[in-house]
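Noted in TrEMBL for the protein shown:
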{"type": "DOMAIN", "residues": "B:16-183", "note": "domain 'FeoB-type G'"}
{"type": "TRANSMEM", "residues": "B:230-252", "note": "transmembrane segment"}
{"type": "TRANSMEM", "residues": "B:272-297", "note": "transmembrane segment"}
{"type": "TRANSMEM", "residues": "B:302-322", "note": "transmembrane segment"}
{"type": "TRANSMEM", "residues": "B:334-352", "note": "transmembrane segment"}
{"type": "TRANSMEM", "residues": "B:405-424", "note": "transmembrane segment"}
{"type": "TRANSMEM", "residues": "B:467-484", "note": "transmembrane segment"}
{"type": "TRANSMEM", "residues": "B:584-601", "note": "transmembrane segment"}
{"type": "TRANSMEM", "residues": "B:622-645", "note": "transmembrane segment"}
Amino acid sequence: MSLVPMHPEATTDPQTVRWVIPAGTLPVVGEIAEAPDELGKLLGSDGIASIEVETQAVVIRLADGHTWSGTGARVRDALGAALHHPDRWRPAGAVTEDDLLRAALRDVLDGPVGDYIRSHGGEVTIASAHDRQAEVHMAGACAHCPAAGFTLHARLESELRARFPDLVELRATEECGRTAGPTWLTLRRRSA
Amino acid sequence: MSGHCGPAATRTVTGTNRLALVGSPNSGKSTLFNALTGLRTKTGNYPGVTVARYEGTARVGEHEVVIEDLPGTYSLDPISPDEQVVADVLDPDNPELGTPDAILVTIDATTLRRSLGLLAQVMQTGLPLCVVLTFRDELTRRGGTLDVAALRRALGVPVIGVTSGSRNDLAQLQSMLLDPAAWERPVLPPPTDPSQRRAWVESLLRSAAYEVPEADHRTRRIDAVLLHPLWGTLVFFATMFAFFQIIFTVAAPLQDAVQSVFDWLGTLVTDYVSNPLLAGFLGNALIGGVGGVVVFLPQIALLFLMISVLEGSGYLSRAAFLMDRIMAKAGLEGRAFVALLSSLACAIPGIMATRSLPSAKDRFATMMAAPLMTCSARLTVYVLLTGLLVGPGTTVGPFGAQGVVMFALYLLGAVSAMATAWVFKRFSSRSGPVLPFYMEMPSYRMPRPRTVAEAMWSACKGFLQKVGRIILLVTVALWLLLSLPTHSDAQLRSAGVNPADRTAVSAYEVNHSYAAGIGHAMEPVFEPLGFDWRINVGVLGSLSAREVFVATLGQVAAAQNPDQPAKTLAHMTYTDGPHQGQKLFTPATTAALLVFFLYALQCMSTIGVMRRETGSWRWPAVAFGYMFVLAWTMAFLTHTVVGLLA
């Protein structure tokens, strides 16, 4: 059986590592209460403090007294095995399909497409996500921009659909709620 | 080639960082090494093995960093002596070799998937590591994508893109070299289990949005013909055939132009230099001898022009692929072909390329065969002798006969090299399993004029430097041997020579020189081949460099007939012995000479490199011995057969 592609990325917290996995590997998001086999044992004992699933990552924080250089290889093996049983991951709270859609949209907006929009003063925020339909506010430089429709469909929607294949529709709200200031001067970027 | 370096001791200067450069072959590793160290390099050998060790010093501001260029390798599971060295240097438990303080890994952006496998192994060492990403411009040109920032995040180590020739990129890398301890370390070393490692590489490539387009549609369609077992082979031979036709037809007028310049210089010497010794030196040694070699500059330039066009267009890799099938029949693998292909320029890089061969048996077999490939030094001898054998107007069907002869000589050289490799493989013990061999098939494209011009320029420069050094030196030595001892007028008169007749005097002096004595002493060996003492001296002199043979004949011709040295050669006659007065360069003798030069190992530099690469005099002695016997026998057969036919 071929393994699920994954690799670790450091975070600002030395105890926490982001394990990047393909979108759609796990049907859950958020805090994990129960994981299969060895990973579950590590989470149950004092090895792993917490596991949080994102659309494209599993964020694992080790308990104090454990280091990635020490138990990292064991966690990797356990995670690799656990990813083959996506149905046996239990979230801490109830996870609805709406939560998955919202997490997927958040992942898109935090990623390279969001970077691109922010790079020229655009602002896109989540307005709603339910019943396989999502809605975003497009403000800043996006307001009244003739290319906003292209960004919405060619970039945002295709990225979202890659993470949430059951998507029915992605819309932009007509009224963005507040008037956009001269945001075309700001060139904010998400720090990597 | 500088000769035989002793083992270079590993000197670790305290406070100076030692960095090792690791990467796959052709990943731009040596280019980076040269860019970082400039000319501050030294070469040695690794203890116990014959793999050359390159070390250089990079200057960063006030500080110095020692950089060691390790041999190119595809993995740290060594299968060849080269790769063993890399594994040993990076192994902290190896006591013989000092472990570097940090590692620079060059990675070719167009072959990222394969290169990450090597990187994963290098990362296992736990040493501070920085990835140098090369060929990003090539990736962009082919329409591929790679997010370097994402790759850096995913790897957890510094990744620096370096475009060849960009000073900014290099400066960024140089500033990093000083403090490897501060380099970002990965949160966890990559997995060692092969399937886990594959998943790791896959995940990295996805994260970095890596896409490298496959060969384009046009390339695939052309390859359908050019890599076809039948059509491809036909096209290959047709290309090579045209290649040698061009060398003769295009180069001939250029060669005549250079020749006329030397002829004009010759008349100047005859008219204005009264001192007979100085006139002899200028006219015979410099213009007749060295000038006789320089006239072949157009052929050398053309040869390298065409090779670099074939290489730049991507065709040479296809030729290697086609030849690999034939090589496999001789029991040799693709790596051996690369070595033999390099030998077309010169056997020395060819022999050095055998280091990539995993099996020692294959390596020696290839080394024995490489000198038989027709190197560019043979070209001058071949052009001269082919010109004597068949006239420029002679045709075979629609083709120039000279080009056909030249093609046949190259073909015979290649076939003999394969046969030799086969024999050496056959008589050494059983062979191991055939190991995998990678070769990139680049897309077809127009060769870059700049690259072609550079290849031509460096070939011509190398040729002229060789002429200016070793060939000039040997030619002057031969001139002394040909002009001494001098004879007084009384001696000349008693020998029946009129001292006033310059042509007769110089002919007499040459025929009674020390060189003539040496040449006559060699006659018992070479007489059956039809060689006279002058050819013998040329053969002896050509041991230093094959071109000296051309220089020697040019000198003798100039001495015997200072007015028309170029035309003299064709009408030269035996000066004594049973054939006295008969034409020297008969078809039989000329053909025998060609065949002799095809097989004989008339090159001391090659012998020196063989000694260095094998670590003993045994293999060079075997090579020189077998090739001399082969050369003599084949030349004798040729002389006999052509003599009967003519």
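Backbone N, Cα and C atoms are what each Cβ position is placed from, and that goes for glycine too.
Contact count against the transmembrane segment (B:405-424) (Cβ pairs under 8 Å) is highest for B:230-252, out of B:230-252, B:302-322, B:334-352, B:467-484, B:622-645. Between the transmembrane segment (B:302-322) and the stretches B:230-252, B:334-352, B:467-484, B:584-601, B:622-645, Cβ pairs under 8 Å are most numerous for B:230-252.
Residues 277, 280-281, 284-285, 289-290, 293-294, 509-510, 513-516, 518, 537, 541, 544-545, 547-548, 551-552, 555-556, 559 of the same chain sit 6 or more residues outside the transmembrane segment (B:467-484) yet have a Cβ under 8 Å from a Cβ within it. Note on the domain 'FeoB-type G' (B:16-183): mean pLDDT across this stretch is 82. Tertiary neighbourhood of the transmembrane segment (B:230-252): same-chain residues 298-299, 302-303, 306, 310, 315, 318-319, 322-323, 383, 392, 399-400, 402-404, 406-407, 410-411, selected by CB-CB distance under 8 Å and a gap of 6+ residues from either end. Same-chain residues lying 6 or more positions outside the transmembrane segment (B:272-297) and placing a CB less than 8 Å from one of its CB atoms are 255, 258-259, 262, 265-266, 379-380, 383-384, 460, 463-464, 467, 471-472, 475-476, 478-479, 482-483, 506, 547-548, 550-555, 557-559, 562, 565.
Outside the transmembrane segment (B:584-601) by six or more residues, the chain places 371-372, 374, 378, 381-382, 385-386, 388-389, 409, 412-413, 416, 529-532, 534-535, 539, 542, 546, 549, 569-570, 572-574, 607, 623-624, 627-628, 630-632, 634-636, 638-640, 642-643, 646 with a CB less than 8 A from a CB of the stretch.
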